[in-house]
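One structure below.
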Amino acid sequence: MIQVRELSKFYGKKAVVEKVSVNIQRGQITSFIGPNGAGKSTLLSMVSRLLDADTGEVLVDKDDVRKMKSNDFAKRVSILKQSNFMNVRLTVRELVSFGRFPHSKGRLNEEDVRIVDQAIEYMELGDMEDSYLDELSGGQRQRAFISMVIAQDTEYVLLDEPLNNLDMKHSVQIMKILRRLVDELGKTVIIVLHDINFASVYSDRIVALKDGRVVKDGPTEDIINSESLKEIYDMDIPIKQMSNCRICVYFNS
Amino acid sequence: MRDSTKLIILYALAALSVGLYLFHDLNGSYDYALPRRGVKVAAMAVTGVAIAYATVVFQTITQNRILTPSIMGLDSLYMLIQTLIIFFLGSTHVTVVNKQVNFLLSVAAMIIFALLLYQLLFKKGNRPVYFLLLVGIIVGTFFGSISTFLQVLIDPNEFLTVQDAMFASFNNVNSDLVWLSIAVVGVCIVIGWRQLRIMDVISLGRDISINLGVPYDRMVRGTLILSSVLIAVSTALVGPITFFGLIVANLSYQFLKSYKHSVTLAGAAGLSLILLIGGQWVVERIFTFSTTLSVIINFAGGVYFIYLLLKESRSA
(Lines of atoms letter the chains of each structure in order from A; the text may use other names.)
(Lines give C-alpha, C1' and ligand atoms only; values in the text may rest on other atoms or scores of the structure.)
Protein backbone atom coordinates (compact mmCIF):
# COMPACT_ATOMS: atom_id res chain seq x y z
CA MET A 1 0.00 0.00 0.00
CA ILE A 2 1.18 3.50 -0.78
CA GLN A 3 0.24 5.98 1.94
CA VAL A 4 0.38 9.67 1.15
CA ARG A 5 0.25 11.85 4.25
CA GLU A 6 -0.35 15.59 4.31
CA LEU A 7 1.68 16.10 1.14
CA SER A 8 2.07 19.72 -0.05
CA LYS A 9 3.94 21.48 -2.82
CA PHE A 10 4.24 25.23 -3.16
CA TYR A 11 5.38 27.27 -6.12
CA GLY A 12 6.14 30.61 -4.54
CA LYS A 13 3.23 31.11 -2.17
CA LYS A 14 0.73 29.25 -4.28
CA ALA A 15 -0.02 25.71 -3.16
CA VAL A 16 -0.26 23.37 -6.13
CA VAL A 17 -0.88 20.40 -3.89
CA GLU A 18 -2.11 21.12 -0.40
CA LYS A 19 -2.16 18.63 2.47
CA VAL A 20 -3.17 15.69 0.35
CA SER A 21 -3.64 12.37 2.12
CA VAL A 22 -4.65 9.23 0.25
CA ASN A 23 -4.13 5.51 0.59
CA ILE A 24 -3.57 3.48 -2.54
CA GLN A 25 -4.47 -0.19 -2.27
CA ARG A 26 -2.42 -2.99 -3.77
CA GLY A 27 -3.63 -4.98 -6.74
CA GLN A 28 -5.91 -2.29 -8.11
CA ILE A 29 -6.00 0.41 -10.73
CA THR A 30 -6.34 3.77 -9.04
CA SER A 31 -7.06 6.75 -11.30
CA PHE A 32 -6.32 10.36 -10.47
CA ILE A 33 -8.83 12.61 -12.18
CA GLY A 34 -9.70 16.28 -12.00
CA PRO A 35 -9.65 19.51 -13.98
CA ASN A 36 -6.49 21.04 -15.45
CA GLY A 37 -4.19 22.44 -12.79
CA ALA A 38 -5.71 20.32 -10.04
CA GLY A 39 -2.27 18.99 -9.08
CA LYS A 40 -2.66 15.42 -10.35
CA SER A 41 0.67 15.23 -12.13
CA THR A 42 2.45 17.09 -9.33
CA LEU A 43 1.10 14.63 -6.80
CA LEU A 44 2.22 11.69 -8.94
CA SER A 45 5.67 13.25 -9.38
CA MET A 46 6.08 13.67 -5.64
CA VAL A 47 5.02 10.10 -4.92
CA SER A 48 7.57 8.86 -7.44
CA ARG A 49 10.37 11.16 -6.20
CA LEU A 50 10.66 13.14 -9.43
CA LEU A 51 9.74 16.19 -7.34
CA ASP A 52 10.62 16.90 -3.74
CA ALA A 53 7.59 17.53 -1.55
CA ASP A 54 7.67 20.66 0.60
CA THR A 55 5.84 19.03 3.49
CA GLY A 56 4.35 15.65 4.25
CA GLU A 57 5.53 12.13 3.60
CA VAL A 58 4.98 9.16 1.35
CA LEU A 59 5.16 5.58 2.62
CA VAL A 60 5.53 2.59 0.32
CA ASP A 61 4.56 -0.55 2.24
CA LYS A 62 5.31 1.37 5.45
CA ASP A 63 8.80 2.49 4.33
CA ASP A 64 9.47 6.22 4.14
CA VAL A 65 10.29 7.05 0.54
CA ARG A 66 12.86 9.69 1.47
CA LYS A 67 14.87 7.21 3.52
CA MET A 68 15.03 4.62 0.76
CA LYS A 69 18.02 4.26 -1.54
CA SER A 70 17.30 5.40 -5.11
CA ASN A 71 18.04 1.97 -6.44
CA ASP A 72 15.87 0.08 -3.95
CA PHE A 73 13.03 2.47 -4.65
CA ALA A 74 13.40 1.85 -8.38
CA LYS A 75 12.91 -1.87 -7.79
CA ARG A 76 9.57 -1.22 -6.10
CA VAL A 77 8.03 1.79 -7.81
CA SER A 78 8.27 2.86 -11.44
CA ILE A 79 7.02 6.05 -13.06
CA LEU A 80 6.37 6.97 -16.67
CA LYS A 81 5.81 10.63 -17.52
CA GLN A 82 3.85 11.86 -20.50
CA SER A 83 6.67 13.30 -22.57
CA ASN A 84 9.86 11.38 -23.02
CA PHE A 85 12.18 13.43 -25.16
CA MET A 86 15.50 11.75 -25.71
CA ASN A 87 18.67 12.84 -27.36
CA VAL A 88 19.85 9.35 -28.15
CA ARG A 89 18.60 6.96 -30.78
CA LEU A 90 17.54 3.65 -29.27
CA THR A 91 15.88 0.54 -30.57
CA VAL A 92 12.85 -0.84 -28.76
CA ARG A 93 14.91 -3.69 -27.31
CA GLU A 94 17.62 -1.32 -26.06
CA LEU A 95 15.00 0.85 -24.34
CA VAL A 96 13.27 -2.11 -22.74
CA SER A 97 16.65 -3.45 -21.56
CA PHE A 98 17.19 -0.20 -19.69
CA GLY A 99 14.23 -1.24 -17.54
CA ARG A 100 16.52 -3.86 -15.98
CA PHE A 101 19.01 -1.21 -14.87
CA PRO A 102 17.97 -1.10 -11.19
CA HIS A 103 18.51 -4.87 -11.00
CA SER A 104 21.51 -5.42 -13.25
CA LYS A 105 23.31 -2.04 -13.36
CA GLY A 106 23.59 -2.36 -17.12
CA ARG A 107 25.13 -5.84 -17.23
CA LEU A 108 22.28 -8.06 -18.34
CA ASN A 109 22.40 -11.69 -17.26
CA GLU A 110 20.29 -14.50 -18.71
CA GLU A 111 17.49 -13.85 -16.26
CA ASP A 112 17.37 -10.18 -17.32
CA VAL A 113 17.29 -11.08 -21.00
CA ARG A 114 14.42 -13.46 -20.35
CA ILE A 115 12.44 -10.76 -18.53
CA VAL A 116 13.13 -8.28 -21.34
CA ASP A 117 11.89 -10.86 -23.86
CA GLN A 118 8.72 -11.36 -21.83
CA ALA A 119 8.11 -7.61 -21.52
CA ILE A 120 8.47 -7.16 -25.28
CA GLU A 121 6.18 -10.12 -25.88
CA TYR A 122 3.63 -8.79 -23.39
CA MET A 123 3.34 -5.47 -25.24
CA GLU A 124 3.26 -7.28 -28.61
CA LEU A 125 6.36 -5.50 -29.81
CA GLY A 126 8.17 -8.65 -30.98
CA ASP A 127 8.17 -7.81 -34.67
CA MET A 128 9.52 -4.30 -34.13
CA GLU A 129 12.05 -4.87 -31.34
CA ASP A 130 14.93 -3.81 -33.58
CA SER A 131 13.20 -0.68 -34.91
CA TYR A 132 14.36 2.70 -33.68
CA LEU A 133 11.94 4.57 -31.43
CA ASP A 134 11.83 7.61 -33.71
CA GLU A 135 10.57 5.37 -36.53
CA LEU A 136 7.51 4.26 -34.52
CA SER A 137 4.07 5.77 -34.25
CA GLY A 138 2.97 7.48 -31.03
CA GLY A 139 1.05 4.42 -29.85
CA GLN A 140 3.91 2.04 -30.56
CA ARG A 141 6.39 4.30 -28.79
CA GLN A 142 4.10 4.55 -25.76
CA ARG A 143 3.90 0.75 -25.71
CA ALA A 144 7.70 0.55 -25.85
CA PHE A 145 7.99 2.81 -22.80
CA ILE A 146 5.37 0.81 -20.91
CA SER A 147 7.28 -2.30 -21.87
CA MET A 148 10.39 -0.80 -20.25
CA VAL A 149 8.42 -0.26 -17.06
CA ILE A 150 7.17 -3.84 -17.20
CA ALA A 151 10.76 -5.07 -17.54
CA GLN A 152 11.59 -2.99 -14.48
CA ASP A 153 9.22 -5.40 -12.73
CA THR A 154 8.04 -3.20 -9.89
CA GLU A 155 5.12 -3.81 -7.57
CA TYR A 156 3.80 -0.29 -8.23
CA VAL A 157 3.50 1.26 -11.69
CA LEU A 158 2.75 4.99 -11.92
CA LEU A 159 1.72 6.52 -15.24
CA ASP A 160 1.15 10.17 -16.02
CA GLU A 161 -1.44 10.55 -18.79
CA PRO A 162 -0.32 7.57 -20.85
CA LEU A 163 -3.17 8.12 -23.31
CA ASN A 164 -2.05 11.57 -24.35
CA ASN A 165 -2.02 12.01 -28.13
CA LEU A 166 -3.22 8.48 -28.72
CA ASP A 167 -6.18 7.59 -30.89
CA MET A 168 -9.13 5.53 -29.61
CA LYS A 169 -7.78 2.18 -30.72
CA HIS A 170 -4.40 2.68 -29.07
CA SER A 171 -5.90 4.17 -25.92
CA VAL A 172 -8.11 1.13 -25.47
CA GLN A 173 -5.16 -1.15 -26.18
CA ILE A 174 -3.03 0.54 -23.49
CA MET A 175 -5.84 0.51 -20.91
CA LYS A 176 -6.50 -3.19 -21.56
CA ILE A 177 -2.83 -3.94 -21.03
CA LEU A 178 -2.84 -2.03 -17.74
CA ARG A 179 -5.92 -3.99 -16.68
CA ARG A 180 -4.06 -7.23 -17.50
CA LEU A 181 -1.03 -6.07 -15.53
CA VAL A 182 -3.25 -5.83 -12.48
CA ASP A 183 -5.41 -8.90 -13.06
CA GLU A 184 -2.73 -11.30 -14.34
CA LEU A 185 0.52 -10.10 -12.82
CA GLY A 186 -0.90 -8.63 -9.63
CA LYS A 187 0.66 -5.20 -10.11
CA THR A 188 -0.66 -2.00 -8.63
CA VAL A 189 -1.30 0.70 -11.22
CA ILE A 190 -1.74 4.39 -10.44
CA ILE A 191 -2.66 6.48 -13.41
CA VAL A 192 -3.44 10.12 -14.16
CA LEU A 193 -6.28 10.27 -16.67
CA HIS A 194 -7.98 13.08 -18.47
CA ASP A 195 -10.83 11.16 -20.00
CA ILE A 196 -13.26 10.29 -17.19
CA ASN A 197 -14.84 7.56 -19.29
CA PHE A 198 -11.59 5.61 -19.37
CA ALA A 199 -11.36 6.11 -15.62
CA SER A 200 -14.94 4.92 -15.24
CA VAL A 201 -14.55 1.79 -17.36
CA TYR A 202 -11.11 0.58 -16.28
CA SER A 203 -10.32 1.70 -12.74
CA ASP A 204 -11.12 0.11 -9.40
CA ARG A 205 -10.75 3.29 -7.41
CA ILE A 206 -10.81 6.96 -8.30
CA VAL A 207 -9.17 9.85 -6.51
CA ALA A 208 -10.51 13.21 -7.67
CA LEU A 209 -8.46 16.34 -7.14
CA LYS A 210 -9.40 19.96 -7.47
CA ASP A 211 -7.31 23.03 -6.66
CA GLY A 212 -4.62 20.90 -5.07
CA ARG A 213 -6.95 19.05 -2.71
CA VAL A 214 -8.63 15.68 -2.74
CA VAL A 215 -12.35 16.24 -3.21
CA LYS A 216 -13.45 12.63 -3.75
CA ASP A 217 -11.81 9.32 -3.01
CA GLY A 218 -13.53 6.00 -3.34
CA PRO A 219 -14.54 2.99 -5.46
CA THR A 220 -15.30 3.91 -9.07
CA GLU A 221 -19.07 3.44 -8.73
CA ASP A 222 -19.19 5.96 -5.87
CA ILE A 223 -17.45 8.65 -7.91
CA ILE A 224 -19.01 8.22 -11.33
CA ASN A 225 -22.38 9.81 -10.63
CA SER A 226 -23.73 13.19 -11.61
CA GLU A 227 -23.61 14.57 -8.10
CA SER A 228 -19.92 13.84 -7.49
CA LEU A 229 -18.89 14.93 -10.97
CA LYS A 230 -20.67 18.25 -10.46
CA GLU A 231 -18.51 18.80 -7.41
CA ILE A 232 -15.30 17.91 -9.26
CA TYR A 233 -15.80 19.56 -12.63
CA ASP A 234 -18.57 22.15 -12.02
CA MET A 235 -20.53 20.60 -14.87
CA ASP A 236 -23.85 18.81 -15.01
CA ILE A 237 -22.90 15.46 -16.48
CA PRO A 238 -25.57 12.83 -17.14
CA ILE A 239 -24.46 9.21 -16.74
CA LYS A 240 -25.66 6.49 -19.10
CA GLN A 241 -25.39 2.80 -18.31
CA MET A 242 -24.35 0.82 -21.38
CA SER A 243 -23.41 -2.88 -21.27
CA ASN A 244 -21.81 -2.76 -17.83
CA CYS A 245 -20.05 0.54 -18.50
CA ARG A 246 -21.04 3.83 -16.98
CA ILE A 247 -20.48 6.50 -19.57
CA CYS A 248 -20.37 10.19 -18.75
CA VAL A 249 -22.03 12.19 -21.49
CA TYR A 250 -20.27 15.51 -20.98
CA PHE A 251 -20.05 16.66 -24.59
CA ASN A 252 -23.09 18.95 -24.56
CA SER A 253 -23.64 19.63 -20.90
CA MET B 1 30.09 -2.54 -39.32
CA ARG B 2 30.37 -3.42 -35.66
CA ASP B 3 31.34 -0.86 -33.06
CA SER B 4 34.52 -2.72 -32.16
CA THR B 5 35.60 -2.84 -35.83
CA LYS B 6 35.06 0.90 -36.16
CA LEU B 7 37.03 1.56 -32.99
CA ILE B 8 39.89 -0.63 -34.19
CA ILE B 9 40.00 1.36 -37.45
CA LEU B 10 40.01 4.64 -35.50
CA TYR B 11 42.82 3.57 -33.22
CA ALA B 12 44.83 2.17 -36.12
CA LEU B 13 44.58 5.58 -37.77
CA ALA B 14 45.52 7.23 -34.48
CA ALA B 15 48.59 5.01 -34.18
CA LEU B 16 49.45 5.87 -37.77
CA SER B 17 49.25 9.61 -36.98
CA VAL B 18 51.48 9.16 -33.97
CA GLY B 19 53.99 7.15 -36.01
CA LEU B 20 53.95 9.67 -38.82
CA TYR B 21 54.44 12.57 -36.46
CA LEU B 22 57.22 10.92 -34.47
CA PHE B 23 59.26 9.35 -37.26
CA HIS B 24 58.63 11.23 -40.49
CA ASP B 25 61.74 13.07 -41.64
CA LEU B 26 63.53 12.25 -38.41
CA ASN B 27 66.92 11.81 -40.12
CA GLY B 28 68.26 9.65 -37.35
CA SER B 29 67.96 12.39 -34.74
CA TYR B 30 66.92 10.00 -32.02
CA ASP B 31 68.50 11.94 -29.18
CA TYR B 32 67.38 15.43 -30.06
CA ALA B 33 64.20 15.48 -32.17
CA LEU B 34 62.50 12.31 -30.99
CA PRO B 35 62.14 13.21 -27.27
CA ARG B 36 60.91 16.66 -28.20
CA ARG B 37 58.35 15.26 -30.59
CA GLY B 38 57.43 12.70 -27.96
CA VAL B 39 56.56 15.40 -25.43
CA LYS B 40 54.39 17.18 -27.99
CA VAL B 41 52.58 13.96 -28.87
CA ALA B 42 51.97 13.28 -25.18
CA ALA B 43 50.65 16.83 -24.72
CA MET B 44 48.31 16.50 -27.69
CA ALA B 45 47.12 13.07 -26.57
CA VAL B 46 46.33 14.16 -23.02
CA THR B 47 44.58 17.35 -24.18
CA GLY B 48 42.64 15.52 -26.85
CA VAL B 49 41.42 12.79 -24.53
CA ALA B 50 40.56 15.26 -21.75
CA ILE B 51 38.53 17.48 -24.06
CA ALA B 52 36.79 14.60 -25.80
CA TYR B 53 35.76 13.13 -22.45
CA ALA B 54 34.69 16.44 -20.93
CA THR B 55 32.60 17.38 -23.95
CA VAL B 56 30.78 14.06 -24.37
CA VAL B 57 29.73 13.81 -20.72
CA PHE B 58 28.85 17.51 -20.63
CA GLN B 59 26.60 17.07 -23.65
CA THR B 60 24.95 14.10 -21.99
CA ILE B 61 24.03 15.94 -18.82
CA THR B 62 22.83 19.02 -20.71
CA GLN B 63 20.96 16.84 -23.23
CA ASN B 64 22.35 19.04 -25.97
CA ARG B 65 24.76 18.09 -28.70
CA ILE B 66 25.87 21.53 -29.77
CA LEU B 67 27.16 22.76 -26.41
CA THR B 68 30.73 22.63 -25.20
CA PRO B 69 31.91 23.00 -21.60
CA SER B 70 33.40 26.37 -22.57
CA ILE B 71 29.89 27.72 -21.99
CA MET B 72 30.62 27.58 -18.28
CA GLY B 73 33.14 30.38 -18.74
CA LEU B 74 36.35 28.53 -17.86
CA ASP B 75 38.12 29.60 -21.06
CA SER B 76 37.22 33.24 -20.43
CA LEU B 77 38.47 32.93 -16.87
CA TYR B 78 41.77 31.55 -18.16
CA MET B 79 42.15 34.53 -20.49
CA LEU B 80 41.27 36.89 -17.67
CA ILE B 81 43.91 35.36 -15.41
CA GLN B 82 46.58 35.68 -18.11
CA THR B 83 45.57 39.27 -18.82
CA LEU B 84 45.46 40.22 -15.15
CA ILE B 85 48.91 38.78 -14.51
CA ILE B 86 50.44 40.73 -17.35
CA PHE B 87 48.50 43.89 -16.57
CA PHE B 88 49.55 44.02 -12.94
CA LEU B 89 52.83 42.09 -12.84
CA GLY B 90 54.27 42.50 -16.33
CA SER B 91 55.49 39.96 -18.85
CA THR B 92 58.79 39.31 -17.07
CA HIS B 93 57.21 38.32 -13.76
CA VAL B 94 57.79 34.83 -12.44
CA THR B 95 54.12 33.87 -12.96
CA VAL B 96 54.52 34.44 -16.69
CA VAL B 97 58.06 33.22 -17.24
CA ASN B 98 57.81 30.14 -15.05
CA LYS B 99 55.34 27.86 -16.76
CA GLN B 100 54.87 25.58 -13.77
CA VAL B 101 53.75 28.47 -11.59
CA ASN B 102 51.47 29.80 -14.29
CA PHE B 103 49.95 26.35 -14.85
CA LEU B 104 49.25 25.69 -11.19
CA LEU B 105 47.83 29.17 -10.69
CA SER B 106 45.50 28.86 -13.68
CA VAL B 107 44.30 25.36 -12.84
CA ALA B 108 43.69 26.30 -9.20
CA ALA B 109 41.78 29.44 -10.15
CA MET B 110 39.58 27.65 -12.69
CA ILE B 111 38.74 24.76 -10.39
CA ILE B 112 38.01 27.02 -7.42
CA PHE B 113 35.81 29.18 -9.64
CA ALA B 114 33.89 26.16 -10.92
CA LEU B 115 33.39 24.76 -7.41
CA LEU B 116 32.23 28.12 -6.07
CA LEU B 117 29.80 28.48 -8.94
CA TYR B 118 28.28 25.03 -8.37
CA GLN B 119 28.22 25.52 -4.60
CA LEU B 120 26.37 28.79 -5.00
CA LEU B 121 23.88 27.41 -7.48
CA PHE B 122 23.16 24.07 -5.90
CA LYS B 123 22.89 25.32 -2.34
CA LYS B 124 19.31 26.42 -2.91
CA GLY B 125 17.84 23.08 -3.87
CA ASN B 126 18.00 21.50 -7.27
CA ARG B 127 18.09 24.02 -10.03
CA PRO B 128 17.91 22.89 -13.63
CA VAL B 129 21.25 22.53 -15.42
CA TYR B 130 20.21 25.24 -17.85
CA PHE B 131 20.18 27.79 -15.05
CA LEU B 132 23.82 26.99 -14.44
CA LEU B 133 24.61 27.39 -18.12
CA LEU B 134 22.96 30.79 -18.25
CA VAL B 135 24.99 31.95 -15.28
CA GLY B 136 28.07 30.50 -16.99
CA ILE B 137 27.39 32.49 -20.17
CA ILE B 138 26.90 35.72 -18.25
CA VAL B 139 29.98 35.27 -16.07
CA GLY B 140 31.99 34.22 -19.13
CA THR B 141 30.98 37.33 -21.04
CA PHE B 142 31.81 39.43 -18.00
CA PHE B 143 35.31 37.93 -17.78
CA GLY B 144 35.75 38.37 -21.52
CA SER B 145 34.81 42.06 -21.36
CA ILE B 146 37.19 42.79 -18.50
CA SER B 147 39.99 41.00 -20.36
CA THR B 148 39.37 43.02 -23.51
CA PHE B 149 39.26 46.24 -21.51
CA LEU B 150 42.60 45.52 -19.83
CA GLN B 151 44.18 44.33 -23.07
CA VAL B 152 43.39 47.67 -24.69
CA LEU B 153 45.18 49.49 -21.91
CA ILE B 154 48.42 47.52 -21.74
CA ASP B 155 51.61 48.17 -23.64
CA PRO B 156 51.49 46.64 -27.18
CA ASN B 157 54.62 44.59 -26.50
CA GLU B 158 53.08 43.16 -23.39
CA PHE B 159 49.91 42.48 -25.34
CA LEU B 160 51.86 40.11 -27.59
CA THR B 161 52.45 37.89 -24.57
CA VAL B 162 48.72 37.88 -23.85
CA GLN B 163 47.99 37.13 -27.46
CA ASP B 164 50.25 34.12 -27.20
CA ALA B 165 47.95 32.68 -24.57
CA MET B 166 44.80 33.35 -26.61
CA PHE B 167 45.40 30.53 -29.05
CA ALA B 168 46.09 26.95 -28.19
CA SER B 169 49.56 25.90 -29.20
CA PHE B 170 51.53 22.70 -28.82
CA ASN B 171 54.80 24.17 -29.94
CA ASN B 172 56.33 24.93 -26.58
CA VAL B 173 54.72 22.80 -23.92
CA ASN B 174 56.67 22.06 -20.78
CA SER B 175 57.43 18.37 -20.35
CA ASP B 176 57.02 18.34 -16.53
CA LEU B 177 53.54 19.80 -16.93
CA VAL B 178 52.64 17.19 -19.50
CA TRP B 179 53.38 14.40 -17.01
CA LEU B 180 51.42 16.19 -14.30
CA SER B 181 48.46 16.65 -16.67
CA ILE B 182 48.55 13.01 -17.68
CA ALA B 183 48.35 12.05 -14.00
CA VAL B 184 45.39 14.34 -13.28
CA VAL B 185 43.48 13.44 -16.45
CA GLY B 186 44.21 9.76 -15.83
CA VAL B 187 42.72 9.90 -12.35
CA CYS B 188 39.62 11.75 -13.63
CA ILE B 189 39.03 9.22 -16.37
CA VAL B 190 39.48 6.25 -14.05
CA ILE B 191 36.86 7.78 -11.74
CA GLY B 192 34.54 8.58 -14.63
CA TRP B 193 34.95 5.31 -16.46
CA ARG B 194 33.32 3.31 -13.69
CA GLN B 195 30.14 5.34 -14.07
CA LEU B 196 29.70 5.13 -17.81
CA ARG B 197 26.73 2.78 -17.58
CA ILE B 198 25.03 5.31 -15.34
CA MET B 199 25.81 7.99 -17.92
CA ASP B 200 24.03 5.83 -20.51
CA VAL B 201 20.90 6.04 -18.35
CA ILE B 202 21.33 9.77 -17.77
CA SER B 203 21.23 10.38 -21.51
CA LEU B 204 17.59 9.21 -21.36
CA GLY B 205 16.69 12.34 -19.40
CA ARG B 206 15.99 13.23 -15.79
CA ASP B 207 12.61 11.52 -15.38
CA ILE B 208 13.66 8.16 -16.76
CA SER B 209 16.98 8.29 -14.88
CA ILE B 210 15.24 8.81 -11.56
CA ASN B 211 12.72 6.13 -12.43
CA LEU B 212 15.60 3.74 -13.01
CA GLY B 213 17.09 4.53 -9.62
CA VAL B 214 19.98 6.76 -10.69
CA PRO B 215 20.82 9.52 -8.17
CA TYR B 216 20.45 12.02 -10.99
CA ASP B 217 21.20 15.33 -9.32
CA ARG B 218 24.28 14.00 -7.56
CA MET B 219 25.58 12.45 -10.78
CA VAL B 220 25.07 15.71 -12.68
CA ARG B 221 27.03 17.65 -10.06
CA GLY B 222 29.85 15.10 -10.01
CA THR B 223 30.05 15.07 -13.79
CA LEU B 224 30.16 18.86 -13.96
CA ILE B 225 33.07 18.95 -11.54
CA LEU B 226 34.90 16.19 -13.42
CA SER B 227 34.33 17.96 -16.70
CA SER B 228 35.59 21.27 -15.24
CA VAL B 229 38.80 19.71 -13.91
CA LEU B 230 39.53 18.16 -17.31
CA ILE B 231 38.90 21.44 -19.10
CA ALA B 232 40.95 23.41 -16.57
CA VAL B 233 43.96 21.12 -16.96
CA SER B 234 43.89 21.00 -20.75
CA THR B 235 43.33 24.76 -21.06
CA ALA B 236 46.17 25.59 -18.70
CA LEU B 237 48.44 23.19 -20.56
CA VAL B 238 47.94 24.35 -24.16
CA GLY B 239 45.39 27.19 -24.15
CA PRO B 240 41.68 27.47 -24.97
CA ILE B 241 40.72 24.66 -27.31
CA THR B 242 37.31 23.49 -26.05
CA PHE B 243 35.68 24.15 -29.42
CA PHE B 244 37.61 21.14 -30.61
CA GLY B 245 35.54 18.94 -28.31
CA LEU B 246 32.38 19.80 -30.21
CA ILE B 247 33.89 18.47 -33.42
CA VAL B 248 35.18 15.18 -32.07
CA ALA B 249 32.09 14.48 -29.95
CA ASN B 250 29.71 14.95 -32.87
CA LEU B 251 31.90 13.12 -35.36
CA SER B 252 31.97 10.26 -32.89
CA TYR B 253 28.16 10.18 -32.54
CA GLN B 254 27.79 10.26 -36.32
CA PHE B 255 30.38 7.62 -36.99
CA LEU B 256 29.55 5.16 -34.22
CA LYS B 257 25.79 5.73 -33.83
CA SER B 258 25.83 4.13 -30.40
CA TYR B 259 24.08 5.15 -27.22
CA LYS B 260 26.80 3.58 -25.08
CA HIS B 261 29.22 6.03 -23.54
CA SER B 262 32.00 3.47 -23.46
CA VAL B 263 31.78 3.42 -27.28
CA THR B 264 31.18 7.11 -28.05
CA LEU B 265 33.85 8.23 -25.57
CA ALA B 266 36.42 5.84 -26.94
CA GLY B 267 35.51 7.03 -30.43
CA ALA B 268 35.76 10.71 -29.52
CA ALA B 269 39.13 10.15 -27.86
CA GLY B 270 40.44 8.27 -30.90
CA LEU B 271 39.22 11.00 -33.25
CA SER B 272 40.93 13.57 -31.01
CA LEU B 273 44.24 11.79 -31.40
CA ILE B 274 43.88 11.53 -35.17
CA LEU B 275 42.81 15.14 -35.67
CA LEU B 276 45.25 16.74 -33.24
CA ILE B 277 48.35 14.73 -34.00
CA GLY B 278 47.60 14.30 -37.70
CA GLY B 279 46.61 17.98 -37.89
CA GLN B 280 49.77 19.11 -36.16
CA TRP B 281 51.82 17.04 -38.61
CA VAL B 282 50.06 18.79 -41.50
CA VAL B 283 50.69 22.19 -39.90
CA GLU B 284 54.38 21.47 -39.40
CA ARG B 285 55.27 19.58 -42.58
CA ILE B 286 52.85 20.91 -45.19
CA PHE B 287 52.14 24.45 -44.02
CA THR B 288 55.66 24.62 -42.53
CA PHE B 289 54.41 26.46 -39.42
CA SER B 290 52.86 29.26 -41.50
CA THR B 291 49.66 28.75 -39.46
CA THR B 292 48.75 27.16 -36.13
CA LEU B 293 46.60 24.14 -35.49
CA SER B 294 44.09 26.11 -33.44
CA VAL B 295 43.37 28.40 -36.39
CA ILE B 296 42.61 25.37 -38.52
CA ILE B 297 40.54 23.83 -35.73
CA ASN B 298 38.49 26.98 -35.35
CA PHE B 299 37.96 27.25 -39.09
CA ALA B 300 37.03 23.63 -39.69
CA GLY B 301 35.10 23.49 -36.42
CA GLY B 302 33.13 26.60 -37.33
CA VAL B 303 32.06 25.13 -40.65
CA TYR B 304 31.08 21.87 -38.97
CA PHE B 305 29.19 23.76 -36.25
CA ILE B 306 27.07 25.58 -38.86
CA TYR B 307 26.36 22.24 -40.50
CA LEU B 308 25.24 20.85 -37.12
CA LEU B 309 22.99 23.84 -36.46
CA LEU B 310 21.31 23.43 -39.84
CA LYS B 311 20.88 19.70 -39.27
CA GLU B 312 19.44 20.15 -35.76
CA SER B 313 17.00 22.81 -36.90
CA ARG B 314 15.77 20.54 -39.67
CA SER B 315 15.19 17.61 -37.33
CA ALA B 316 13.38 19.71 -34.72
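Count begins at 1; order follows the chain as displayed.
Each residue, glycine too, has its Cβ placed from N, Cα and C.
As annotated by TrEMBL, transmembrane segment applies to B:7-24 (among others). Beyond the ends of the transmembrane segment (B:7-24), by six or more residues, the same chain brings 34, 37-38, 40-41, 45, 255-256, 263, 266-267, 270-271, 273-274, 277-278, 280-281, 285 to within a C-beta distance below 8 angstroms of the stretch.
Residues or ranges marked as transmembrane segment in TrEMBL: B:39-56 (among others). Only residues 6 or more beyond the boundaries of the transmembrane segment (B:39-56), in the same chain, are considered here, and those with a CB under 8 A from a CB of the stretch are 18, 21-22, 68-69, 168, 170-171, 173, 175, 178-179, 181-182, 185, 188-189, 192, 226-228, 230-231, 233-234, 237-238, 241-242, 244-246, 248-249, 252, 261, 264-265, 268-269, 271-273, 275-277, 280.
Taken from TrEMBL, the feature transmembrane segment applies to B:77-97 (among others).
Tertiary neighbourhood of the transmembrane segment (B:103-122): same-chain residues 72-74, 77-78, 81-82, 85, 95, 131-132, 135-136, 139, 174, 177, 180, 221, 224-225, 228-229, 231-233, 235-237, selected by CB-CB distance under 8 Å and a gap of 6+ residues from either end. The annotation transmembrane segment is assigned in TrEMBL to B:103-122 (among others).
If you look up TrEMBL, you'll see B:129-154 (among others) marked as transmembrane segment.
Tertiary proximity for the transmembrane segment (B:177-196) is limited to same-chain residues at least six positions away from its ends with a CB under 8 Å from its CB atoms, namely 39, 42-43, 46-47, 49-50, 53, 57, 99-100, 103, 219, 222-223, 226, 229-230, 233-234, 237, 260-262, 265. The feature transmembrane segment is assigned by TrEMBL to B:177-196 (among others).
Annotated transmembrane segment per TrEMBL: B:224-249 (among others), in sequence order. Long-range contacts of the transmembrane segment (B:224-249) within the same chain, counting only residues at least 6 positions beyond its ends with a Cβ under 8 Å from a Cβ of the stretch, are 43, 46-48, 50-59, 61, 65-70, 72, 74-75, 78-79, 102-103, 106-107, 110-111, 114-115, 118, 132, 165-170, 173, 177-178, 181, 184-185, 188, 191-192, 264, 268-269, 271-272, 275-276, 294, 297-298, 300-301, 304-305, 308.
Look at TrEMBL and you will find B:261-279 (among others) tagged as transmembrane segment.
According to TrEMBL, the feature transmembrane segment maps to B:286-310 (among others).
Sequence-remote contacts of a segment are chain residues at least 6 beyond its ends whose Cβ falls under 8 Å from one of its Cβ atoms, and for the transmembrane segment (B:286-310) they are 65-66, 167-171, 239, 241, 243-244, 246-247, 250, 275-276, 279-280.
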